[in-house]
Amino acid sequence: MAPYDHPHQPPTTASLFTKGGGGEIDDGAPEEEHLLLHQNGEQQQQRLQCDNYSVLAAILPFLFPAFGGLLYGYDIGATSSATISIQSPSLSGISWYDLSSVEVGLITSGSLYGALAGSVLAFNVADFLGRRRELIFSSLLYLLGALVTALAPNFVVLVIGRLVYGIGIGLAMHAAPMYIAETAPSQIRGRLISLKEFFIVMGMLFGYVVGSLLVEAISGWRYMYGVSIPLALIMAIGMWWLPASPRWILLRAIQGKGKLHDLREIAISSLCWLRGRAIGDSASQQVDEILSELSQLSEEKEATIAEMFQGKCLKALSIGAGLVLFQQITGQPSVLYYAATIFETAGFSAASDATTASIYLALLKLIMTAVAVLVIDRVGRRPLLLGGVSGMLSFGPIGWLMISEIFPLRSRGRGLSIAVLVNFGANALVTFAFSPLEDLVGAGVVFFIFGGIAVLSVIFIFFVVPETKGLTLEEIEAKLL
């Protein structure tokens with residue numbers, strides 16, 4: 001059985017898809033052009049009508065990939081409190097609690113360096129593994145990393161655990177947006193991808209809450225990291241149960257990596273699973289439409305590294321990598337990872353008070369993210385980006401949504417890998433450098449620099465980032481790149 005097969009039997013389908021249509025069209029005949037436009041309009045209307053889905057069936061293909069974001073967010077919130085717990089002479093439960101600032105920085109940013117390694121790994125294996133298997137692999141790394149960190153007998157093993165967990169973050173943040181984008185109905189694709197960001201923030205809030213409850217417990221930091229274990233298990237089981245992305249399956253067929261008939265049947269079975277009974281008899285039609293679009297847009301093979309810096313791929317890379325770069329260097333990771341420490345410095349002398357204040361910070365971010373998720377498919381991407389950054393409320397969920405949409409299909413795996421690599425590289429740099437910079441020039445100057453970078457990001461969004469609201473992934477590639 002092929003690795004992208006699913007145990008569910010495919011339904012009976014129509015005859016094998018064939019490309020092309022009848023006759024050539026004379027470009028000089030207005031009547032023919034009018035007829036062609038009319039037919040295209042009818043096809044567009046049919047596509048919209050047949051893209052039916054069951055809301056209940058659409059939840060699970062979103063939920064389990066989103067657990068990758070939840071675990072990433074939880075790590076941010078838990079680490080904020082764990083770095084306080086692990087340095088306590090009376091509560092750390094270890095003899096090596098007297099950590100230097102560099103060692104604390106390694107604990108804080110260790111998962112980000114692992115995420116960098118995960119991004120490099122994803123760059124090389126993403127399109128071979130497929131989105132589903134990449135997410136299964138990431139969940140196993142989450143599980144292993146959490147176990148090693150929670151049971152670490154010394155500092156070195158602790159950092160190793162953080163690195164392993166981080167590799168899982170890198171893979172999950174690469175594959176989850178692609179899986180959701182390629183399996184979600186187009187009507188709610190933006191909302192679901194943005195909800196993945198909501199899960200990241202919800203994970204932060206959960207991490208801050210757990211940290212606040214355990215920060216004064218003996219060996220509390222071990223329990224904080226151990227909470228990730230059952231969440232990783234849920235993600236692993238869920239992704240094992242879900243089917244592969246129909247678009248990825250069909251892309252393999254177009255690239256000649258399997259028999260077209262067999263892969264088409266698997267894609268139909270996958271689409272029926274993802275949409276539920278509401279799809280009726282239209283699954284075969286939708287698969288043929290995807291095949292037709294992919295045949296026109298992606299007859300060539302997967303983009304090479306050199307091709308990523310040419311033409312459409314370069315434009316998409318500039319947009320995607322630029323967004324995630326600005327998202328990190330405006331200072332958001334510094335506030336999130338060092339929230340409890342920042343609040344302690346600001347006057348919350350008790351550890352429990354500082355961690356409680358962090359909960360309110362995460363709650364505010366959660367509310368603003370929820371607002372963005374609710375209006376994103378009505379308001380659009382650009383207005384929310386411009387409004388969020390101008391108001392210093394961060395990029396919210398829009399950055400991850402844009403990078404999951406903007407890359408052409410043949411370069412989506414590599415493009416997202418580069419974008420995630422830029423994201424975690426900038427994140428690790430800013431997170432590690434924040435404390436030394438604060439000591440060197442003061443917190444006021446540091447945040448003034450962040451404000452200046454935010455102004456540059458507004459200019460970038462206004463002049464470079466396109467609007468993708470209401471467009472399919474194939475239409476984005478054809479019309480905007």
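Cβ atoms here come from the backbone N, Cα and C positions, even for glycine.
Residues or ranges marked as region 'Disordered' by TrEMBL: 1-24.
What TrEMBL records for 53-74 (among others) is transmembrane segment.
According to TrEMBL, the feature domain 'Major facilitator superfamily (MFS) profile' maps to 61-469.
The transmembrane segment annotation in TrEMBL covers 104-123 (among others).
Taken from TrEMBL, the feature transmembrane segment covers 135-157 (among others). Beyond the ends of the transmembrane segment (135-157), by six or more residues, the same chain brings 64-65, 67-68, 71, 96, 99, 103, 111, 114, 118, 129, 163-172, 175-176, 179, 222-223, 225-226, 228-229, 231-233, 235-236, 239-240 to within a C-beta distance below 8 angstroms of the stretch.
Residues or ranges marked as transmembrane segment in TrEMBL: 163-181 (among others). Residues 61-62, 65-66, 68-69, 71-72, 75, 110-122, 126, 131-132, 134-135, 137-142, 144-146, 148-149, 189, 192-193, 196, 228, 232, 245, 400-401, 403-405, 412-413, 416-417, 420, 423-424, 473 of the same chain lie 6+ residues outside the transmembrane segment (163-181) yet bring a C-beta within less than 8 angstroms of a C-beta in it.
Look at TrEMBL and you will find 193-211 (among others) tagged as transmembrane segment.
The transmembrane segment annotation in TrEMBL covers 223-242 (among others).
TrEMBL lists 280-307 with the feature coiled coil.
Residues annotated as transmembrane segment in TrEMBL: 357-376 (among others).
Residues annotated as transmembrane segment in TrEMBL: 382-403 (among others).
Marked as transmembrane segment by TrEMBL: 415-434 (among others).
Annotation comment: TrEMBL describes 440-465 (among others) as transmembrane segment.
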Segment proximity, the transmembrane segment (415-434) to the transmembrane segment (357-376), 3 or more C-beta pairs under 8 Å: no
The transmembrane segment (104-123) and the transmembrane segment (415-434) contact flag, 3+ Cβ pairs under 8 angstroms: yes
Stretch-averaged pLDDT - the coiled coil (280-307): 72
